[in-house]
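Visitor: Take a look at the following structure, please.
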Amino acid sequence: MCQSTWHDFLRGLPKCEHHVHLEGCLTPELIFSLAAKNQVQLPDAATNPAYESIETLTARYGNFTSLDDFLHFYFIGMSVLNQESDFADLAWAYFQKAHADGVHHAEVFFDPQVHQDRGIPYETIVAGFVAGCKRAEAELGLSTRLILCFVRHLPVASAEKTYQDILDSRHFESDVIHGLGWSSTEVGPPKDMYRDIYASAAQRGVRLTAHAGEEGDPTHISVALELGATRIDHGIRLVEDPVLMQRIVDEGILLTVCPLSNVQLKCVKSVAEVPIRTFLDAGVKFSINSDDPAYFGGYILDNYCAVHEAFALSVDEWRTIAVNSVSESWIGEERKKELFESIDAHVLKFAELV
Ligand code: ADE
Ligand code: ZN
């Protein structure tokens, strides 16, 4: 835990979260209770001892060996969500945690293909998550955005079906779906598997992001940009390509960095290896995020604190991170102005830390 004054500063610093998977907020407790409620069979503990109890599952989460090792558990976990209210309650649980951590604006991912694959209708999933977002806006004063993520371990045809569901329900026009992303297995499937979908979405003016440069080399990032992404999720391997890094700076592209996730998935050995200092010095814009907080042992504030412990940033550097998080959020100018003002007011209160 960082020192108490710094902790107060970081907790109250107005934050935008741009990289959190709502399904990644399913704790082991919630997985077991929803499985019982919805009569979903979790893996047999005889073949997968991690599912013996909440404690054994929690312990297993501390030993992920790679992104794909984590994804195995992540996709089992989300299989317990059935009813619209399960999705709504999950989102609401996340927003309450985020609010307590000083999040004012949250852009949240969800993976409908995986639920649709087991027979849950697109409308049920979206209606549940939208209800959670609306509640957070009404009761907590957050602004929210829903970003639909395609998952790279399923065939392109599955993504095309979900894309058609979005078009049929006119969810781009009604701003229910604010953007598209891609996630899941990075290394293996074709880098440009969503070329056609992204081209179609870009033509409609839909915002595009992509998980790239987490485990995969920087060519995953350049392909994402080529396909129209204007934001990169993770992107930590960008440091291996200085020319591409300069392009990201010049184009003002935001990286949504997730330090605790990177450590837990063995992308880096420690938070100190996440290229925070390199990005700050080079002028790369980034936000700090939780990714899958129920799996990686920390919500957004834990990630802020871990970064502060590793890098001892100045108030001015934290202000830069907060300001960039607002300026690259997918919100209007008026909301940005409100958030800039809250950041300035907060930084003034902690002038003695300078
Ligand atoms: N889905 C959920 N978390 C993910 C991550 N860290 N990388 C890729 N896909 C994910
Ligand atoms: Zn992610």
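Each residue's number is its place along the chain shown, starting with 1.
Quick reminder: no glycine exception, Cβ is built from N, Cα and C everywhere.
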Visitor: In TrEMBL, His19, His21, Asp291 are given as binding Zn(2+), so which of His99, His211, His220 is in that site too?
Guide: His211
Visitor: Using a Cβ cut-off of under 6 Å to any atom of ligand 2, determine which of the recorded positions Glu214, His234, Asp292 qualify.
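Guide: Among the recorded positions listed, not one has its Cβ under 6 Å from ligand 2.
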Visitor: Out of Glu214, His234, Asp292, give those recorded positions positioned within 10 angstroms of His21 (Zn(2+) binding site), comparing C-alpha atoms, in sequence order.
Guide: Asp292
Visitor: Restricting to the domain 'Adenosine deaminase' (14-345), what is the model's mean pLDDT?
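Guide: Here the predicted model's pLDDT, averaged over the domain 'Adenosine deaminase' (14-345), is 98.
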Visitor: Please check each of the recorded positions His21, His211, His234, Asp292 and report the ones with a CB atom less than 6 Å from an atom of ligand 1, ordered along the sequence.
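Guide: The ones that qualify, in sequence order, are His21, His211, Asp292.
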